[in-house]
Amino acid sequence: MIQQRTLKNTIRATGVGLHSGDKVYMTLRPAPVNHGIVFRRVDLDPVVEVPAKAELVTEVTLCTGLTCNDAKIQTVEHLMSALAGLGVDNIIVELSSAELPIMDGSAGPFVFLLQSAGIVEQDAPKRFIRVLKTVEVTEGDKVARFSPYEGYKLGFTIQFDHPMIPAKQSRQEIEFSTLAYTKEISRARTFGFMRDLEYMRERNLGLGGSMDNAIVLDEFRVLNEDGLRYADEFVRHKILDAIGDLYLAGGQVLGAYEGFKSGHALNNKLVRALMADATAWEWVSFDSPATPDPVEYATPAYA
């Protein structure tokens, strides 16, 4: 039986927004059964709540952003990814600004925060979105696809003409579980190229970016003194992003995801296409002890 999960305790963190450069205070609070993931802009009067739902995505340029009642929540994908990785269904995320803190550019610090707060099971079965038929979206040569699958599997291929991103390190696939996520995916950082810096600055993007929270490349090499955490950290981060983007479906997907040069825009388009076709998916729960669990979540960590 897989039950819903929330936090045991409230926990707080401070950081800077990757794109805004603004300092932000974040508070993660427990939430009741079937509450879902809800962001709360506590700097606004009155306070505005923004549910983590794919249909509220309005920003897909270099991040995933939500808008509800004119209130924006930017760069949600890394926290959403960590919540998916640890199986957290219900949580309140309070923010003092419009953008989540970027932390170190990965989901690792969010995983640490969630584990430090403690994760508890709730008295209700976890609800999954089971893919019943293949759904695919494209944009030029970019592809994102869901296919039926017993568990949750993600594959991703990137293509960059750069000596640090050779073809042999441009493809990765994982069978999703908490262990695989925390060890193989969660610490992969976001990345950017020096050549794109001017473009980003003109659009007020990346204002909080630095080598402390991103991998930075020039035309030939990685500029960060500490180098890479994984040889294929770039494609692993794309999987990290996809896990977060797909969790905006409103539940954990059961199926196989395949991305080819996909990004936030195409991932959101895929989720919307899936949810728009009532014959392509169904809600399922696993509340019988005799039923094998389709996804392996770690035993809750009680803080």
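Note: Cβ is positioned from N, Cα and C throughout, glycine not excepted.
Just one of His35, His78 is listed by Swiss-Prot for the same Zn(2+) site as His237, Asp241, and that one is His78. Taking the C-alpha positions, the distance from Asp241 (Zn(2+) binding site) to His264 (active site, proton donor) comes to 8 Å. When the recorded positions His78, His237, His264 are compared by the number of other CB atoms within 10 angstroms of each CB, His264 has the fewest. The Cβ of Asp241 (Zn(2+) binding site) has 26 other Cβ atoms within 10 Å, all protein chains considered.
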